[in-house]
């Protein structure tokens, strides 16, 4: 089986590494190198580093449409994307012999869009999962081929859930592709009446307005924004980023009072200071259904 892959962040790496071990990868597409250290140098994406590690041809165009002529004559059975980060034109979706597929971080049709994992946390969901779908011209609207559900416990933040979702996808992806290759699957048409969207979380939305949020909403916002850009509040004119918080007592935590109830922030960072991480023994990974 031959594959063309497209992905960018660390989320994609374990998934692609499993595929590299099992199948022939004709090329990998990723986002261009990005500035680091205040723009003085460029850094390759985690997926580009993976491609270089295995000496696989890698493309990193500003727009994927510009490499159409370079990839149109490649022979591959599947085009698989996982957190690539660009809209893919239909002429590229039509290139594989069998299908173009996408690994999406929600139980579709819930949370179509760029930030499904964060929105599951923001809304305090008790269940989420991975969907493997056909890619179509309409974003995240293709038929569902495979799913893996995950129970949420309310303690995990975006960092934890990205890691867990990536592990779940990497554990299943080889078997899923083999089953689809052998036509051992059934399709589920997405119910358009149940569609919800998950737009990218914006920096301007990261402010924790203590006087306007419920305790539950405060904690869920912290969970959702933990990865980037980080939820924050203002104390004595300075920004304090909060990455983990709970209503359970945590010794030496930074305490915030919301609606008359104490919230213990046990991973936080004051402006200009180092990040503080405190032990909280109730934190544990979620379970797979």
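Think of each number as a place in line: the chain as shown, counted from 1.
Even glycines carry a Cβ here, placed using N, Cα and C.
What Swiss-Prot records for this protein:
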type    : residues           : note
BINDING : 106, 107, 108, 109 : (6S)-5,6,7,8-tetrahydrofolate binding site
Select one residue from 106, 107, 108, 109: among these binding-site residues, choose the one with the most other Cβ atoms within 10 Å of its Cβ.
108
Is residue 106 ((6S)-5,6,7,8-tetrahydrofolate binding site) helix, strand or coil when read with DSSP?
coil
If you take the centroid of the Cβ atoms of 106, 107, 108, 109, the listed (6S)-5,6,7,8-tetrahydrofolate site, which other residues of that chain have their Cβ within 8 Å of it?
104, 110, 111, 112, 116, 129, 131, 140, 144, 190
